[in-house]
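Peer 1: Pulled these from Swiss-Prot:
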| type | residues | note |
| --- | --- | --- |
| ACT_SITE | LYS286 | active site |
| ACT_SITE | ARG360 | active site |
| BINDING | LYS274, ASP279, ASP297, GLU358 | Mn(2+) 2 binding site |
| BINDING | ASP279, ASP356, GLU358 | Mn(2+) 1 binding site |
Amino acid sequence: MDFSIKGCDWSKGEAKGFLTGKSDCIVLGIFEAQTLSGAALDIDTATKGLISRVVKAGDMDGKRGKTLFLHEVSGIGASRVLLVGLGKQDAFNQKAYNDAVTAAWRALLATKVVQVTFSLAQLPVDERSSDWGVRAAILALRNETYRFTQMKSKPEPASHTLKRVVFSVDPADEKAAKVAVKQAVALANGMDLTRDLGNLPGNVCTPTYLGNTAKKIAKDWGLKAEVLGLKQIQALKMGSFLSVARASVEPPQFIVLHYQGAAAKAAPVVLVGKGITFDTGGISLKPGEGMDEMKYDMCGAGSVLGTIRAVAEMGLKINVVAIVPTCENMPGGNATKPGDIVTSMKGLTIEVLNTDAEGRLILCDALTYAERFKPAAVIDVATLTGACVIALGGHNSGLFSTNDALAGELLDASREANDPAWRMPLDDEYQDQLKSNFADLANIGGRPAGAVTAACFLSRFTESYPWAHLDIAGTAWKGGAAKGATGRPVPLLAQFLIDRAGQ
């Protein structure tokens, strides 16, 4: 799909090209109970009051998400006009904008339009510039057009005909909007990779498959890839990671991807993604109902791979390292048992009270490994706890950090990227729940504050650098009839890196 940018100040009569240019449809926003303004006012004038008459008749009341097509409109070059309700102007925020653009894309994708002129990016949204609106609109469109059909015997062809979108933006934002197009396409491509990896079944997306995916990313985008096998992992003394992997016939992999966009001496940001390609719970076996969704337990790994791919496509001036410990968590005659004690790469001993709390066991060794890069920051991403889903549901990812400045950056990025996160507590008092009579610490701390104690466990391995943890158990995928990976938190992570790179 092709996206292009044209500067236009509708209030200064600069819209002639939009009014006369050939297009299958021009998209206009209508506020509830407000006089027309901007693009809608100009089109109304060119069509001799058609938009005003439609609004006055009540066919378009401006309620948020409502859409109405006008056909064979005279006075303009477009063959259709799509009116989109924006809701009340004083309540028009980022969510309202996203609702409006999503409604517009859904209406357009149900038609046979090929080329569209899109004016909604110029709407005033929480003091955001129109380049922000362009990026959000492209991501919303790519979200609507994403389909996972790779595993079907006859992959379904695209059901829409849309090929080209021309965005009108404020002239002062034209240059930035062109950058926003590049960023949005790269982000969408990274999210699609993340979704594809999550949606693949566990018998296809194995640890070896993830390793091969990392190698392909490296080859396609000029990155350096290291994929360590069992013997190399053993040599690193990653006893905690290996305690999870030991009962599976699928060999574990330890993936390291290096992106160098800045000077070699510049400290990298390290992203660590949990890569459990299928989680049965091990000896602490999960219930059978819904276990198929445990193929999504590698979505942390998928999001890290999708993010570094997006960073490479954007060409950000920053160094990034992606680390993915990946294996299956299976029962078996040689599986780790509740009560077993294992030794982590850091040397701390861990009493494994529950083998279904395995994500933290593979992440802790990866977090220790990250020390060798002397990182500017480390962010781990994991579908870690059901407790986080209970606490936050499916809207906000859980954010934990021992560094207020880093947490603030990530929260700012989450708002900018429309990828919500909520900071959770990490007080020292919660650490007491991880005490063990027999080892340095236990891998669970009981039912109370389960997401917090999981983050507390990880914090024991992150003392030498600024660190944050994203628990995406509620946001990485949707269940039920809408089952599928979401691609989150690629937008949040990518925006954080864009901000760090000053781009």
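Here the Cβ of each residue, glycine as well, is placed from N, Cα and C on the backbone.
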Peer 1: Between the binding-site residues ASP279, ASP356, GLU358, whose Cβ has more other Cβ atoms within 10 Å than any of the rest?
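Peer 2: Answer returned by the neighbour count: GLU358.
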Peer 1: Quick one: pull the CA-CA distance for LYS286 (active site) versus ASP356 (Mn(2+) 1 binding site), whole Å only.
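Peer 2: Rounded to a whole number, the Cα-Cα distance is 8 Å.
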Peer 1: Within the same chain, and leaving aside ASP279, ASP356, GLU358, name every residue whose CB is within 8 angstroms of the centroid of the CB atoms belonging to the recorded Mn(2+) 1 site, in sequence order.
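Peer 2: After dropping the recorded site residues, what remains is VAL244, ILE276, THR280, GLY281, GLY282, SER284, LYS286, ASP297, ASN329, THR355, ALA357, GLY359.
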Peer 1: How many whole Å apart are the CA atoms of ASP279 (Mn(2+) 2 binding site) and ARG360 (active site)?
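Peer 2: Between the alpha carbons of ASP279 (Mn(2+) 2 binding site) and ARG360 (active site) there are 13 Å.
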Peer 1: Sorted by position, what residues of the same chain at least six away from LYS274 (Mn(2+) 2 binding site) have a C-beta under 8 A from it?
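Peer 2: Those within reach of LYS274 (Mn(2+) 2 binding site), by Cβ under 8 Å and sequence separation of 6 or more, are ASP297, MET298, GLY300, ALA301, PRO325, GLY359, ILE362, LEU363, ASP380, VAL381, ALA382, THR383, LEU384.
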Peer 1: Using other CB atoms within 10 angstroms as the count, which residue among the active-site residues LYS286, ARG360 scores least?
Peer 2: LYS286
Peer 1: Return one of helix, strand or coil for ARG360 (active site), based on DSSP.
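Peer 2: In three-state terms, ARG360 (active site) counts as helix.
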Peer 1: In the three-state scheme derived from DSSP, which category covers ASP297 (Mn(2+) 2 binding site)?
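Peer 2: Helix, per DSSP.
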Peer 1: Once the DSSP letters are reduced so that anything not helix or strand counts as coil, what is LYS274 (Mn(2+) 2 binding site)?
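Peer 2: In three-state terms, LYS274 (Mn(2+) 2 binding site) counts as coil.
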Peer 1: Quick check: which same-chain residues outside LYS274, ASP279, ASP297, GLU358 lie with their CB within 8 A of the centre of the Mn(2+) 2 site CB atoms?
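Peer 2: Nearby residues not in the site list: VAL244, GLY275, ILE276, MET294, MET298, ASN329, GLY359, ILE362, ALA382, THR383.
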Peer 1: Could you tally the C-beta atoms, other than its own, that fall within 10 angstroms of the C-beta of ASP297 (Mn(2+) 2 binding site)?
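Peer 2: ASP297 (Mn(2+) 2 binding site) is surrounded by 27 other Cβ atoms within 10 Å.
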